[in-house]
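The annotation substrate binding site is assigned in TrEMBL to Arg125, 148-151, 214-216, Gln220, 267-270, Arg450, 461-462. Taken from TrEMBL, the feature ATP binding site covers Glu144, Lys305, 364-373, Tyr375, 398-401, Glu425, Lys452, Asp458. If you look up TrEMBL, you'll see Glu144, Asn146, Glu368 marked as Mg(2+) binding site. For 205-302, the entry in TrEMBL reads domain 'Glutathione synthase substrate-binding'.
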Amino acid sequence: MATGWGSLLQDEQQLEELARQAVDRALAEGVLLRTSQAPSSSHVVSYAPFTLFPSPVPSALLEQAYAVQADFNLLVDAVSQNAVFLEQTLSSTIKRDSFTARLFDIHKQVLKEGIAQTVFLGLNRSDYMFQCNPDGTTALKQIEINTISASFGGLASRTPAVHRHVLSVLGKTKEAAKILSNNPSKGLAMGIAKAWELYGSANAQVLLIAQEKERNIFDQRAIENELLARNIHVIRRRFEDVSEKGSLDQDRRLFMDGQEVAVVYFRDGYMPGHYSLQNWEARLLLERSCAVKCPDIATQLAGTKKVQQELSRAGVLESLLPGQPEAVARLRATFAGLYSLDLGEEGDQAITKAIAAPSCFVLKPQREGGGNNLYGEEMVQALERLRDSEERASYILMEKIEPEPFRNCLLRPGSPARVIQCISELGIFGVYVREGKTLVMNKHVGHLLRTKAIEHADGGVAAGVAVLDNPYPV
């Protein structure tokens, strides 16, 4: 997967000058984060880390990732509507994983009372790596699908201009033209706008559930601004605000500070640390309402690692997507090897396999947000400890994907520009809207490429490991 940056990466002086220009352009384009010192304030901001050059991505795999996104949207939606499948799949996990258990409790309460919402909105991002096979071919393999708070659609809309600028400075206008236009924030906002419209109340607002300390606010603002351009108003509130000032009327319509809410867009609530007892109560209030939740609790559960592992079992896709063999084939082609660690023979075999060849596997808990997976010696120690414990059911085992490394220069505030060996992860944003049983929107709306040094096994941009990038099709 060669690109023509090889010789450019050798000249240190030129790299430093290019890095200065790239950083200035990134700041001008709004590729921004709040600082870790002041995550609640926009008085001082910095650029979000990014690569100096776009990174090579095989065109065929990029096309394949785009082509399968509508199938993943359908699959997530089908799983979220299948209460029996969710209960069976998560039965062992909820015994040992208290966070998934709390989410599942709310799911059951809502089902018992009867689901009030009639419009459903999914904004997700399916993440992949490019497996390098022994014969030199590459294959697209899914890492995970994010069904809640799928981020960086806003900043990914701003980075193509930065890489085009770098290449233009070098006189590489032909190469600059190959960088794809990309505007996920516009597509994500289009999904929210459609759900808002179907809710059918012209004065209702969109409620964005935000964290108090949010470094990635400009990513979220990009979507808010797109909505405002459509005359749809967004209010930002925390779970604590919902618990103090949120209420339901007799028809279970949601009101916040006396204003009706049509859509609740979660940019919080995907990790255990996001919830106090008060926050759990606020989440239940939101779920019980007829407002469109993005995601509703069943869709959040559909994005768990345990569900991902179960979907890879023979026959499961066919039962969830009956009469759609082409979609099933496209989906299955992206699956890496996934193994259950439930107590029993199947789980025992998976553990034995992983301990014998630790470099070939990853141990994944039911967590979002990056930085949670275990590799190598750490994984072996964890598996030895978990071997006879029911707690092992709260993890899954996944085949480790081995991409072909390449050289690039990662730019981070306060760090010198240096050329290192990297690997990339490609995310495709998907949007779907369903009214009752009718799917009224199902599309892909853009991509996100994140790149990191090969020594960093796990973690994304928000976790401080990966940096923003753009695919350079090869």
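Just so it is clear, glycine is given a Cβ too, placed from its N, Cα and C backbone atoms.
Just so you know, TrEMBL annotations never went through curation; they're auto-generated.
Bear in mind that the values here come from a model prediction, so they are computed numbers and not experimental data.
Annotated features taken from TrEMBL, shown on the structure.
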{"residue": "Arg125", "record": "substrate binding site", "Cβ contacts under 8 Å, 6 or more apart": "Ile145, Asn146, Ala150, Gly153, Gly427, Ile428, Phe429, Gly430, Leu448"}
{"residue": "Glu144", "record": "ATP binding site", "Cβ contacts under 8 Å, 6 or more apart": "Ser126, Asp127, Gly303, Lys305, Gln308"}
{"residue": "Ser149", "record": "substrate binding site", "Cβ contacts under 8 Å, 6 or more apart": "Phe266, Arg267, Asp268, Gly269, Tyr270, Glu368"}
{"residue": "Gln220", "record": "substrate binding site", "Cβ contacts under 8 Å, 6 or more apart": "Gly154, Leu208, Ala210, Glu214, Arg236, Arg267"}
{"residue": "Pro365", "record": "ATP binding site", "Cβ contacts under 8 Å, 6 or more apart": "Asp97, Lys305, Asn372, Asn373, Ser394, Tyr395"}
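Rounded to a whole number, the C-alpha distance linking Tyr375 (ATP binding site) with Arg215 (substrate binding site) is 28 angstrom. Confidence over the domain 'Glutathione synthase substrate-binding' (205-302), given as mean pLDDT on the 0 to 100 scale, stands at 97. Cβ crowding, taken as the number of other Cβ atoms within 10 Å, peaks at Lys452 among the binding-site residues Arg215, Lys400, Lys452.
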